[in-house]
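Engineer: What TrEMBL shows for this protein is this:
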- D114: active site, charge relay system (ACT_SITE)
- H341: active site, charge relay system (ACT_SITE)
- S527: active site, charge relay system (ACT_SITE)
- 105-570: domain 'Peptidase S8/S53' (DOMAIN)
- 613-721: domain 'Tripeptidyl-peptidase II first Ig-like' (DOMAIN)
- 867-1053: domain 'Tripeptidyl peptidase II second Ig-like' (DOMAIN)
- 1095-1116: region 'Disordered' (REGION)
- 1249-1277: region 'Disordered' (REGION)
Amino acid sequence: MQNPIWATNPSKSPFWGPTFLDRHCSKLIIQSTRRLSRRRKKGGEREWALRAMPCSSINTTSSSTDDNGALRAFKLSESTFLASLMPKKEIAADRFVEAHPEYDGRGVVIAIFDSGVDPAAAGLQVTSDGKPKILDVLDCTGSGDIDTSTVVKADSDGCLHGASGATLVVNSSWKNPSGEWHVGYKLVYELFTDTLTSRLKKERRKKWDEKHQEVIAEAVKNLDEFDQKHIKVEDAQLKRAREDLQNRVDFLQKQAESYDDKGPIIDAVVWNDGELWRVALDTQSLEDDPGCGKLADFVPLTNYRIERKFGVFSKLDACSCVVNVYDQGNILSIVTDSSPHGTHVAGIATAFHPKEPLLNGVAPGAQIISCKIGDSRLGSMETGTGLTRALIAAVEHKCDLINMSYGEPTMLPDYGRFVDLVNEAVNKHHLIFVSSAGNSGPALSTVGSPGGTTSSIIGVGAYVSPAMAAGAHCVVEPPSEGLEYTWSSRGPTVDGDLGVCISAPGGAVAPVPTWTLQRRMLMNGTSMSSPSACGGIALLISAMKAEGIPVSPYSVRRALENTSVPVGGLPEDKLSTGQGLMQVDKAHGYIQKSRDFPNVWYQIKINEAGKSTSTSRGIYLREASRCHQSTEWTVQVEPKFHDDASNLEQLVPFEECIELHSTERAIVRAPEYLLLTHNGRSFNVIVDPTNLSDGLHYYEIYGVDCKAPWRGPLFRIPITITKPMVVKNQPPIVSFSGMTFLPGHIERKYIEVPLGASWVEATMRTSGFDTCRRFFVDTLQISPLQRPIKWERVATFSSPTAKNFTFAVEGGRTMELAIAQFWSSGIGSHGATNVDFEIVFHGININKEEVVLDGSEAPIRIDAKALLSSEKLAPAAVLNKVRIPYRPIEAKLRALPTDRDKLPSGKQILALTLTYKFKLEDGAEIKPQIPLLNNRIYDTKFESQFYMISDANKRVYAIGDVYPNSSKLPKGEYNLLLHLRHDNVLFLEKMKQLLLFIERNVEDKEAVRLSFFSQPDGPIMGNGAFKTSVLVPGVKESFYVGPPNKDKLPKNISEGSVLLGAISYGVLSFGGEEGGKNPKKNPVSYQISYLVPPNKVDEEKGKGSSPSCTKSVSERLEEEVRDAKIKILGSLKHGTDEERSEWRKLAASLKSEYPKYTPLLAKILEGLVSESNAEDKICHDEEVIDAANEVVCSIDRDELAKYFSLKSDPEDEEAEKMKKKMETTRDQLAEALYQKGLALAEIESLKGEKAPEAAAAEGTKDVDKTDDQSAPESTQPDLFEENFKELKKWVDIKSSKYGTLWVVRERRCGRLGTALKVLVDMIQDNGEPPKKKLYELKLSLIDEIGWAHLASYERQWMLVRFPPSLPLF
């Protein structure tokens, strides 16, 4: 995606780079980045890296300005410096507003599709004419949604039971006629950006540490005092007392080491006051002062568009929030921004600073709605849900403009569900859609979707003027004239469209959210050029509305394109800048003059004559084979009116006489005239590239109205030809020597990659410069139905030297090599940089690009040959991932309940939720894969997908969308919920059995390295190993890759799973030894997979036969009946009084029938224990004790002990049966003793009694007693202690199953530190999902000790580990 570009995370962000303005000095610290691609793709695509812009200190230079902001020879003044921070002069916006003050955007509404806009940010409160600046603030992603479907009533004191478990007090002045309060909660970090969360964590950790150090100091002091009092500790009780004190110190120290702040929890309350839905938040957990943040003190909010009010969580975070209520109070949306990007974008377009007019946005009179499409859960990445809801909102609010500074590469231009919805918004609702072209330049065909690839969207490139360079970027010496930023994406699209429509300033110092703790920030990127252009268009719309000119995206776009100022003097510069730098004043004049002409968009469809290739929007001859002969093309021009156009008044009368022009008739020939009617017209074009020199050539055919030639081109047909050089020498080496570079210069070389080449080894040598130089080095190839295959590096040379690069290529296709000196690199140093670049092509051709081992013992033959030059053949293969397929166990289809999910057409969007279950035998790093849907946001006809992975406690471990992330999960069972959305029920019905893969990374020690053989019997015979060889050009060599040894397969893989990995064949000529062992380190690797076969049959299984049963039929029948009765008893429910009564009757009946049968008594005990909600706890516990005693009495413990003192013969079946029976009896005895102990302890607690040992310790304030004398003289025996000692005889009391009783024992003896240690050890050793009761016990122990800060910390974690429900999608 081209979503916002963060300098720290290229995978989740828009088209921009942040630059921070230091408020305490006059210095701009530039930290800009370059947007590329966010994910690693399969095949030839690579993960694209960030490119940082240079740091420059401020220095003004003498300069003057021309029409587009070029500096000549004068120094910046304060006013020109401030003006450069928010560039408007470049697009003539300043002159236009000065001439027409009332056309400053008034009456225009812009939808900002972005990361969210802060309503508290500087300049975003009111318009220039005093109207509210922000009309609505929406979270279209759902990342701030809270489930508030739980309804509670307040008690007589006005108290509510909050969703987090907290007691909340409502304000008595709040009106609530129904008395119903909807409650929900949210972990506040889920609403904050990573940057804000990091700041808060530091602040909170500092305060937490202060409190924690106090309790550690107190604990150490108590231990020290004990040691001073008891110099020699020999008494058992004294030892236990000291151990308890030591355990407290140890526990506190471990807590400090394992501290992980999951953030404060805010409770939300929603109610209807009789007119509006109201919202209040309890934010006490965010405040230091316990009196602050109370629910009753919160000023209630309602949906932002109604009252336009917002709140702030706390002074510490300084984060603004907005609320919206949906679905009759059942869904609360808390809206916060997911990055500063959206606020910055909104500020560029519309900010109004009455006291600082030079820092105004381009259209200070315009209003906006904020549509957050950057999902906070995904680090500000856009989702299909967010995009669709944003379009719905823009149409509903009758917006005039949309600005979207997001996007990503695409394999299919002008295609997809979102593109269809955008076309409807533009064509039917007259919305003008403006979007960033992308930050993936300087190579051609790098424009992103949707901005650079969609016909109905105005894609904007990023321009930097000398004034911007001197002021905003603070360069030592600005360029003599404006130019496109080096990283700005270039056209054409893969189907030949121009890609970039126009250019606008791509950097500004604009408002940012208050949580950043500053007012403004410098960012640059096409994310900034898009709102600059959008603001300029808002000025035009403001003028058109005031002058009564109908607003149409068609007429506005034509005005912009036909009045832009060209940037650069070459025809091919249009691929970088579009038609040029937009000019508001000239565009306005054009619109005024053409107001009486019909609003028409000319759709261009082009097909190559005689071929059935897909329709394109331009002519793009890129491959060498297309440049060797002339080609004929059929061009269809279809005038398109808005959907509401009148047939009789607009369509029927439409007729234009078009004169066709070619920018170079020797190369591109077309007819001279065309009579165009509403139904369209086709004509042929001949393109003859045969006499062109190698390199880039750009031409156009454009149509002009014969009767009004002043209108300029009504449509353009771009023709791009990249004629590659052919590599003829052997070995295949290409050298480009003596290239000279100045700042901003780009060299483009086009090479036909020789057939047989699969990778390149390149060397770049620089010379002739003094100060540091930074270069962008890109290569790009285009392959059908793939995203452009792009490799890139940022090469920084601090001194003349050489650097080596290697990258994969596809043989037989044209490769562009783009080398660019960064626009500001070397400024102030007047010497040119000399560059020599050498490319050496390498390749090993193989007969199988993807190797599949079918699970048998047979190896796979690989045929390899080198076509270009001798290559070292050194195969390496490793299997390091396991992929397991799953089908959903449940599919739920429903209509979404809110209007935010109703399309403008009136269709309600449907949601399909699929549930998958999977189990991990050990902790692992996993990634869910959905081949049908992954890796496509824009170029897909499906709307959206979202998944979450949770455990049995509903704790969410991972979330994701079209680009799934790897997540580390502990051992256990998991549910994966996949949420799919579309308005077509038929599509969703077909996906109810959608296949999903769970891909698990194998640890390095378990990775399977495959062997190679020169003989087909090698894997079995163990001979004929194949290591390395030298391939001679044209000579084929074959070898075998063997299947993995079955004994070496990773553990816990099942039949039907697939082992995945990589296989490589060549090595770098300048590479190390590591490359030969690791395929991923080699220049080119391919996928290899192994199908896991069925497990081998257990030879011992089924051997022997069981002896005949000695019991009679009647005896066996009686036992079966008895066991069936017990099974029925165990299946009965205990939910109601009637059910419990029925259960007790049956239990009594069976007990009288089988009075000493241990399994029955154990089942009765189990039933009683399950009745945990008994009203009379003491009576219930006594029942449990009685039932436990009955179990114990039914067992001959002497016989049991005698049995376990002897060893049984494992090969004797009867002995094994007896062993299982005795183990079951022992477990029943242990369970009875365990439950009896818990009941005894609970009775003591409920009666307020103290354990004898604790009472003695408390009474004497000394612990100088032996273990046997731990209680004072009493005729009352310590039943708990006796029971505990009996349990210790039979089981390991430290195990997770029985350890709770040990914790209880230590607690009743007052040794809370030891109790905590035992409990923590239990929790860590327990391989099961965390048990809530254990954590509740831990929390109660901490509360009892009095560590309030730790108790608060644990309560926050309780809602992370054991949420009451799953979050909303």
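The backbone N, Cα and C atoms fix where each Cβ goes, and this holds for glycine too.
Please situate the listed features within the shown structure.
Structural biologist: Of all Cβ atoms in the shown protein chains, 33 besides its own fall within 10 Å of the Cβ of D114 (active site, charge relay system).
The Cβ neighbour count for S527 (active site, charge relay system), using a 10 Å radius and every protein chain shown, is 38.
Looking at the domain 'Tripeptidyl-peptidase II first Ig-like' (613-721) alone, the prediction's average pLDDT is 95.
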Engineer: I'd like the number of other C-beta atoms within 10 A of the C-beta of H341 (active site, charge relay system), please.
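Structural biologist: Other Cβ atoms found within 10 Å: 33.
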Engineer: From the Cα of D114 (active site, charge relay system) across to the Cα of S527 (active site, charge relay system), what is the distance in angstrom?
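Structural biologist: So the Cα of D114 (active site, charge relay system) lies 10 Å away from that of S527 (active site, charge relay system).
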Engineer: Please report the Cα separation of H341 (active site, charge relay system) and D114 (active site, charge relay system) in Å, rounded to an integer.
Structural biologist: 7
